[in-house]
Structure formats: C-alpha cells, structure tokens
Amino acid sequence: MNNLRPVGIIGTGKYVPEKILTNSDLEKMVDTNDEWIVSRTGIKERHIAAPDQATSDLAYEAAIKALESAGMTGSDLDLIIVATITPDSSFPSTACILQDKLGAKGAAAFDLSAACSGFVYGLASATSFIQSGMYNNALVIGADCLSRITDYTDRNTCVLFGDGAGAVVVGEVPEGRGFKAFDLGAEGAGGSLLQMEGGGSRLPATAETVENKKHYINMNGREVFKFAVRVMGTATIEVLRKAGMERTDVDLFVPHQANIRIIQSAMQRLELPEEKVVVNVDKYANTSAASIPLALVEAAEEGRMKAGDTVLMVGFGGGLTWGASVLVW
Ligand SMILES: CC(C)(COP(=O)(O)OP(=O)(O)OC[C@H]1O[C@@H](n2cnc3c(N)ncnc32)[C@H](O)[C@@H]1OP(=O)(O)O)[C@@H](O)C(=O)NCCC(=O)NCCS
C-alpha cells in the first residue's frame, strides 16, 4: 500500500443507547451471577436499544458526530458502508436508510456482513475505493442491535451482548499517515459455531422457526473462544508483517471487545503492556460490528492517541471471519 494515496480516518463519532442492563438485572432473568459473568468475560453492563430504536437510529447518531468532527455534512459524502448483522430489515439496506437521513444524495450506499469483523472489513473496502481514485471519502459505520437477536432465556449467550454504533469518516490524509496494511480472512467451515439460522432463504420465518428459537444467536462458546485466541494472535502478527512493523511499534492496540480473557491472551502473546490496550468490554459487552469503532472512538475522545501514533485494530467473529489493520493516526 506504500506508493498509494495515503488514506486514513478524518472524523469519529459513537453512540450507545441510554438503557443499561447490568449483571444484577440479568441475575433476575436467568440463572447467572455477577461473579461468574465478570470472572469469565470481564463484562459488568451493556447498553440496550429502546423499543423504537433500530440499527439505523444508532448508526445515525454516531454518523452525525463523525461528520461534524470531520467538518463535513452528509451532502459531502461519496460512499456509505454500514457493517452490521442486524440491519433494520433485509432490504432496503441500513446504509440506504442512512443515506436518506443524512441527506447524502450523491453517495453510493451498501451494507457489509462480516459480523464482529465487519468494521475492519469496511475500513479496508473504503480505503481501496479511495486509493483507486473511484471515491474521495467514505463514511464507515459499525452498528448492531444484538439485543434483537438475543435469547434472554439462554444464559450461555444473553450475558455477552449489547447494542451500539461507531462511525468514522475515511479520506485522504497527509503523507506518512493513514492505513499501512490490512489482513482480512475467513474460515467458512466454522460458520455453524456462531450463527442465526432463521429468517433467511434457507429457513424463512414461520411459526415453527419462531417456536424453535431459530431467530436468535446460537453459539458454541468454547470453540469460538479457541478460534478467537488463535486468530487474534495470527492476524496481528500478519498485519504487522505486511506493514513492515514490529509489535514494539504499536502505540495503541484496539481489539474486538468480546471477552477480557481473549484480549488478555493477545496481550500476553504480543507482550503488550496494559496502557497500550483499549478495553471497554466492561461497559458495553460485545456489540459486534460496533465494538472496535466504539473502542477506537472512545480512545480518541480520551486523547489516548496523538498524530503519528501506530494503532492496531483486530477483530474476529461470525463467518467465521477476522480482520486486522495497522493505521498511523
Ligand atoms: C461463552 C464463554 C464466556 C463461556 O466461558 P467458559 O469459561 O468457556 O465457560 P464454559 O463454556 O466452560 O462453561 C462453564 C459452565 O458455566 C455455565 N454457564 C454458561 N453461561 C453461564 C452464565 N451466564 N452464568 C453462569 N453459568 C454459566 C455453563 O453452563 C457451564 O456449566 P457446565 O459445566 O455445568 O455445563 C466463553 O466460552 C467465551 O467467551 N467464548 C467466546 C464467545 C464470543 O466471544 N462470542 C462472540 C464472538 S464475536
């Protein structure tokens, strides 16, 4: 990517819904307890969308802030990519709903489905569009309302997820800054380890699919855990190799916020000190495509990176998929 137009992040915004669901709230819903949840996952609470809020509403709030911080309005946008697995509906896409709400009349718009890796896939797509010269900028959003596909009678999954949205504007940046490398991948053979079976063309919604809970997240937690620990390490090493950098060059590590134990295993493997790692899984739980941008934007708001810092983002999720990027802030 070295000889191409430098492309990076020129605006950031985030949004989480107001309602907070704590571990003690969950204790009243399923057979679980705060001690189990905190020790196994690091999660203390999560935000849940109001009944009248859909994914596009969360995405809109984050998008407005990102545009404002870039000094732009919707009409300046060339492209809108929304990474989500909980679109408002199958179609129109959530990106098209946003294009209208943002007044982005000239912009192309599409949704991208790569689960929790979706935001990094979206960044790589936007960067390629801009480097090719096809577009000059893009709004990339990771937004999900996992609460809408979570079975709140299943303790194996309901403690893990929350709702939110994070948005960035991607565009040309000064020489030497911007994205240095991406590493995207998939292991489709593991798709059934983390899935929602119902509601698509294979198993359209019927009274029977609803009765059999086919419209909820279904997960093999232990196998996903093993996959996550493996690819967090391999994707990080691979993306650094592509960027021609060492792990000691990383100033800020922004991992997918699924489980504190998965983050800690990556920290150990990469010998990263705590102050270089962004962790907010305690407050938001796993927000799928929103997880990495929520962590990135929060770190930016807290002044944790300065111009020229090397930021490494890495995520994994349903598909199975993974995505990592090296960005000079
Ligand atoms: C789900 C996860 C937290 C479970 O942690 P774990 O240490 O692997 O726990 P185990 O699966 O070994 O289960 C241990 C026991 O706790 C129980 N348990 C599961 N959820 C529980 C809960 N919320 N409260 C109390 N007990 C629970 C299990 O039923 C099991 O009991 P058993 O041994 O009697 O069957 C962990 O596997 C994980 O984080 N996996 C990855 C999930 C993920 O990140 N998914 C999204 C990817 S994007």
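Each Cβ is built from the backbone N, Cα and C atoms, and glycine gets one as well.
Where the annotation comes from TrEMBL, it is an automatic prediction and has not been curated.
Ranges compared are 37-41, 222-226, 257-261, and TrEMBL records region 'ACP-binding' for 257-261. Here Asn286 (active site) comes close to Ile43, Cys116, Leu146, Leu160, Phe161, Gly162, His256, Gln257, Ala258, Asn259: these same-chain residues lie at least six apart in sequence, with C-beta atoms under 8 angstroms from its C-beta. According to DSSP, the region 'ACP-binding' (257-261) comprises 2 helix, 0 strand, 3 coil. DSSP states for the domain 'Beta-ketoacyl-[acyl-carrier-protein] synthase III C-terminal' (240-329), grouped as helix (H, G, I), strand (E, B) and coil, give 39 helix, 22 strand, 29 coil. With DSSP states grouped into helix (H, G, I), strand (E, B) and coil, the domain 'Beta-ketoacyl-[acyl-carrier-protein] synthase III N-terminal' (110-188) comes out at 26 helix, 32 strand, 21 coil.
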